[in-house]
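Colleague: Got these off Swiss-Prot a minute ago, pasting:
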| type | residues | note |
| --- | --- | --- |
| ACT_SITE | D127 | active site |
| BINDING | M74, C75, H76, M112, E113 | substrate binding site |
Amino acid sequence: MNLTHLDEQNKPKMVDVSDKDNTTRIATASGIIEVGQAAFDAVIANTAKKGPVLQTAVIAAIQGTKQTSTLIPMCHPLMLTSVKTDIEELPELPGFKLTVTAKLTGQTGVEMEALTGVSVGLLTIYDMLKAIDKGMVIRNVQLEHKSGGNSGDFNRA
């Protein structure tokens, strides 16, 4: 297997994308946080002591998406053109599903940015609710869709 992040001497390197075409690239990722009923109720009633949980998670998800290259060593700094978020209430768990879609026109994909945005957003929910519930579970952080670039499209079935 040829790993693109290793050079001929097996040393880590950032992939050279300078010869790639600029194309529109979109990636959507999602993840779930399961919380206890008291934590869920605090979010819905907007009574969590640290403030508005879901609004803060959205801002954190956008920031996480933008900061991916500072967190993941081999990710290129990207000029994102759009970051969209959605948080779905899951009262049956109880919990929340966070979805992040990142978009750009450039030479490399935005999958890691969407995944990082989801991760940071869910971690923010955890941070803001940990005084109420330490047993929260973050799960199923995954790529849902990707389009653009040489590797083709991906859609989770």
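Glycine is treated like the rest: Cβ placed from N, Cα and C.
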Colleague: Quick one: Cα separation, H76 (substrate binding site) versus the residue listed as 'active site', in Å?
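Modeller: So the Cα of the residue listed as 'active site' lies 28 Å away from that of H76 (substrate binding site).
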Colleague: Per DSSP, E113 (substrate binding site) is which: helix, strand or coil?
Modeller: helix
Colleague: Of these binding-site residues, M74, C75, M112, which scores lowest on Cβ atoms within 10 Å?
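Modeller: Among the binding-site residues M74, C75, M112, the sparsest Cβ neighbourhood within 10 Å belongs to M74.
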Colleague: E113 (substrate binding site) to D127 (active site): how many Å between their Cα atoms?
Modeller: 21
Colleague: I need the neighbours of the substrate site defined by M74, C75, H76, M112, E113. Which other residues of that chain put their C-beta within 8 angstroms of the C-beta centroid, in sequence order?
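Modeller: What remains near the Cβ centre is T68, S69, I72, L78, T108.
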Colleague: By a simple count of other Cβ atoms within 10 Å, which of E113, D127, the recorded positions in the record, is least packed?
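Modeller: Least crowded of the recorded positions E113, D127, by Cβ count within 10 Å, is D127.
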Colleague: Cα of C75 (substrate binding site) to Cα of the residue listed as 'active site': how many Å, rounded?
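Modeller: The separation of the Cα atoms works out to 26 Å.
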Colleague: Give me the count of other Cβ atoms within 10 A of the Cβ belonging to H76 (substrate binding site).
Modeller: 16
Colleague: If one measures from the C-alpha of the residue listed as 'active site' to the C-alpha of M112 (substrate binding site), what distance in angstrom results, rounded to a whole number?
Modeller: 22
